[in-house]
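J.: Take a look at this one; I'll ask things after.
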Amino acid sequence: MMEQKLVVSLSPHAKAPFRIQTVMLIVILALFPALIASIYFFGIRALLVELVAVGTAVFTEWFIQRILLKRPSRIHDLSAVVAGLLLAFNLPSSIPLWQVAAGAIFAVGIAKMAFGGLGTNPFNPALAGRAFMLVSFPVEMTTWPQPVVTRTLMRPDALTTATPLGVIKEGLKSGIPLDQLADKLPTWWDLFLGNVGGSLGETSALALLVGGLFLILTRVISWRIPVFYLGTLAAFTGVFHLIDPSRYADPLFHILSGGVMLGAFFMATDLVTSPMTAPGQILYAIGGGLLAGLIRLFGSYPEGCSYSILIMNAFVPLIDRAFPPVRFGARPVQTQVKEARHG
């Protein structure tokens, strides 16, 4: 009989409500409304970008685990699929496919596998891949095709436009107040549906809201991070809008524009790169919302969501140390303090 090497961890042996594969499958299902919206608004080219990103991400993980490390592949846990899909959602439809592949290789190979794989990466892989691509391919990453229902594969960049946030940023640099930019900005309804220029998966607030609520209802993510992230961004931008409405857009515009809905529901909530406890999650989300607002209002780049999440990812170990989870079987610190006072 062959010997089996068993590794027994310390008790208690608590069972998690979902397996990793199940969690990733739920996330993929939650991303489907945004996936459908991206194909509807940006055509078949959007699907091609998404397929290349997912395929490259899965192949990169398999190659590193199976060929380089000589270990069993874990691509069946679907985490590489999620990383590739989220990366694609952060890209414009017109970007060259070889650049999509390069971004996916960086996201999985460097931002994830170089740190030990799933569960040990400090930064969200998809956002790390996007940051890498912005530095490496700045022109292609900031060329936004106009949303059209049908687009030919041969000329995906036939019509280009600026994102709503980009219109405001460039207008203010030229000294043009917001009220004179109204004819260049989409309506709230277009922002909500997704009929605007931008990255594939970020334009439709409706699709992202449906998917985000699905994640909350299935308890895959905590409601605290998206609610406090979006709430903080709305409060921060709202204060400045009240101070000078000719320069600063209203909070609803900021919530519906850019990547905050995608970031708040699908990337800031990444189980690996977000805090473990409720107080930590609230602090993390508030910090992310403030950073996003600061970059949008006062930075040179019109969008600050991805950078805000990456910066807060770096603070997660410190936040978890400040707000550690209660050990199984241990009494909360507050209870011990009360007993000591009245003991």
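Residue numbers in this text run from 1 along the chain shown.
Note: Cβ is positioned from N, Cα and C throughout, glycine not excepted.
Predicted, not measured: the structure shown is a model, and the values here were computed from it.
Straight from TrEMBL, here's the annotation block:
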type	residues	note
TRANSMEM	20-40	transmembrane segment
TRANSMEM	46-63	transmembrane segment
TRANSMEM	97-115	transmembrane segment
TRANSMEM	127-144	transmembrane segment
MOD_RES	T163	FMN phosphoryl threonine
TRANSMEM	196-218	transmembrane segment
TRANSMEM	225-243	transmembrane segment
TRANSMEM	255-273	transmembrane segment
TRANSMEM	282-301	transmembrane segment
J.: Sequence-remote contacts (6 or more beyond its ends) of the transmembrane segment (196-218), Cβ cut-off under 8 Å?
T.: 26-27, 29-38, 41-42, 46, 49-50, 85-86, 88-93, 144-147, 160-164, 186, 190, 226, 255-259, 261-262, 264-266, 269
J.: Restricting to CB pairs under 8 Å, which listed stretch, 20-40, 97-115, 255-273, is in contact most with the transmembrane segment (282-301)?
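T.: Highest pair count goes to 255-273.
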J.: Mind checking which residues of the chain, 6+ beyond the ends of the transmembrane segment (97-115), have their Cβ under 8 Å from one of its Cβ atoms?
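T.: Distal contacts: 48-49, 52-54, 56-57, 60-61, 64-65, 80, 83-84, 87-88, 91, 121-126, 128-130, 132-133, 136-137, 140.
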J.: What are the non-local neighbours of the residue listed as 'FMN phosphoryl threonine', defined as same-chain residues 6+ apart in sequence with CB under 8 A from its CB?
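T.: Within the chain, the residue listed as 'FMN phosphoryl threonine' has Cβ neighbours under 8 Å at W144, V196, G197, G198, S257, G258, P302, E303.
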